[in-house]
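The structure appears right after this line, and notes come after that.
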């Protein structure tokens, strides 16, 4: 079985695949101080609840945008699961698509993994919007190559920043308000976040589509993923599909392609 690890700025997600079938998935908040042993304690316990043991794992793949966790997660695989993980971005790890940007080394591993899964599942050209700590719009052109994209602050990060710098503004939950005009501070902040963010998403997607396919032929497919994408997709008609497993599936595909070489 394959252990796939996606280390993001907000969460680290683990999944076990048996062939194409996902046997289990677990999530922990990202903490740069967490050690390999600490990861192992809770992960092995949760795997056991699914009838899985470390001996079931024969290979691993890691995508990390958190340098402080790349080492501990590599050690986790080596010391507790008996395998050295394939790491997205390492020399020799092939993605199966070309990275056509000014400096390919700058592209975040998570963005590339999403692109790999998207182009294997949906017809290009396409855009993957991933709403997390940051919000990324990742573009795959009509040839199936990664063509760049847009990076913006995520909604939680934006709200936290507003709360920190404006003394009288409270922390609020992110939700879709019933109306645009807020009758109080909390309602006004929630409206500003939801509708402002929805407007940003639609504005950026409209402009990307115009650049990527000026005539609309071929049409551009928009795929949403990430923890908050479903909420914001409800406010927009431009997201064609929501694919919660996109990143994990991309990791499985990358491992599959490289292991077969």
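Every residue, even glycine, has its Cβ placed from backbone N, Cα and C.
According to Swiss-Prot, the feature ATP binding site maps to 6, 7, 8, 9, 10, 11, 12, 13, 133, an assignment based on sequence analysis. Per Swiss-Prot, substrate binding site is recorded for 108, 109, 110, 111, 185. Per Swiss-Prot, the feature active site, proton acceptor maps to 110. The feature K(+) binding site is assigned by Swiss-Prot to 130.
Distribution of Swiss-Prot features across the structure.
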residue : record                 : DSSP class
6       : ATP binding site       : strand
12      : ATP binding site       : strand
108     : substrate binding site : coil
130     : K(+) binding site      : strand
185     : substrate binding site : helix
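The Cβ of residue 6 (ATP binding site) lies under 8 Å from the Cβ of 12, 13, 63, 110, 113, 247, 248, 251, each of these being in the same chain and 6 or more residues away along the sequence.
Put simply, residue 133 (ATP binding site) is 13 Å from residue 111 (substrate binding site) when counted between their Cα atoms. The 10 Å shell around the Cβ of residue 8 (ATP binding site) contains 24 further Cβ atoms across the protein chains shown. Here the C-alpha separation of residue 130 (K(+) binding site) and residue 185 (substrate binding site) works out to 28 Å. Looking at residue 8 (ATP binding site) and residue 109 (substrate binding site), their Cα atoms lie 10 Å from each other. Residue annotation for substrate gives 108, 109, 110, 111, 185. The furthest Cα pair among them is separated by 38 Å. Counting only the Cα atoms, the space from residue 185 (substrate binding site) to residue 10 (ATP binding site) is about 27 angstrom. Less than 8 angstroms from the CB of residue 108 (substrate binding site) sit 65, 136, each of them six or more residues away in the same chain.
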